Amino acid sequence: MPSSAHLQDSPPLLSRTLTQNEGQTSLRQSSSCGPSATSASESLSGYTESRIPHSEMLQEKFHGIILPESPAKLLCCCAVIVVLSVAVVALSVALSVKKTPQISTVKTYAACPRNWIGVGNKCYYFNETARNWTFSQTLCKEQEAELARFDTEEELNFLRRYKGSPGCWIGLHRESSAHNWTWTDNTAYNKLLPIRGVEKHGFLSDNGISSSRDYIKRNSICSKLNSYTSQCQ
């Protein structure tokens, strides 16, 4: 058993141990919860609180400025896409048409009055009443026409095929054998077919075009430009 002196000496040692523990505890508290720590914590809390209003302000600006422009930008993008799509389609169609050209045949039909026959851009009327050249021209004028004129071989062949009688007055005439042949509107004859004879008025015969004196009575052919042309493809 320990002696009484040893027991009496123990309290001072225990007292020193407790004192050291309290000092260490106090030191830890001062290092963790001292004024500097408290100040740092308060600074961090203030920084966080000061940042919150700034972020809220950015959110308000985002919702107030950017979002209202978004539908307009979306519509603009859609419009651009539509325009580009239409342009691409139009270009494709144009290229396809260019690659495969269409060949169309246009037939022209003269629109002529009743009992008139259309050839090219003219209408012809075959008058079976025999008259001299001057009176035959008068009959044609009454129908807003002239004694027949032809400018192409097609028209000439048509007249020769359908003239009927041995000879029909046409619109060729001249002042004398020394002058050139002209039509009733005084335009020059293109000499599509030679004219036989030395007289001053022309008529269409089985052999072509011949000249005769104007007082001879013959059938006649009138011609005029068609009023309009209808086209069929």
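Don't overthink the numbers, they just go from 1 along the chain as shown.
Note: Cβ is positioned from N, Cα and C throughout, glycine not excepted.
The topological domain 'Cytoplasmic' annotation in Swiss-Prot covers 1-73.
Swiss-Prot lists 1-45 with the feature region 'Disordered'.
Annotated compositional bias 'Polar residues' per Swiss-Prot: 16-29, in sequence order.
Per Swiss-Prot, the feature compositional bias 'Low complexity' maps to 30-43.
Look at Swiss-Prot and you will find 74-94 tagged as transmembrane segment, backed by sequence analysis.
Summarising the annotation, Swiss-Prot assigns topological domain 'Extracellular' to 95-233 and lists sequence analysis as the type of evidence. Confidence annotation: the topological domain 'Extracellular' (95-233) carries a mean pLDDT of 86 in the model.
Break the domain 'C-type lectin' (119-230) down by DSSP state and the numbers are 20 helix, 45 strand, 47 coil. Among the features that Swiss-Prot reports, domain 'C-type lectin' is placed at 119-230, with the record citing sequence analysis.
Taken from Swiss-Prot, the feature N-linked glycosylation site covers Asn132, and the record attributes it to sequence analysis. Sequence-distant contacts of Asn132 (N-linked glycosylation site), defined as residues of its own chain at least six apart whose C-beta falls under 8 angstroms from its C-beta, comprise Asp214, Tyr215, Ile216, Lys217, Arg218.
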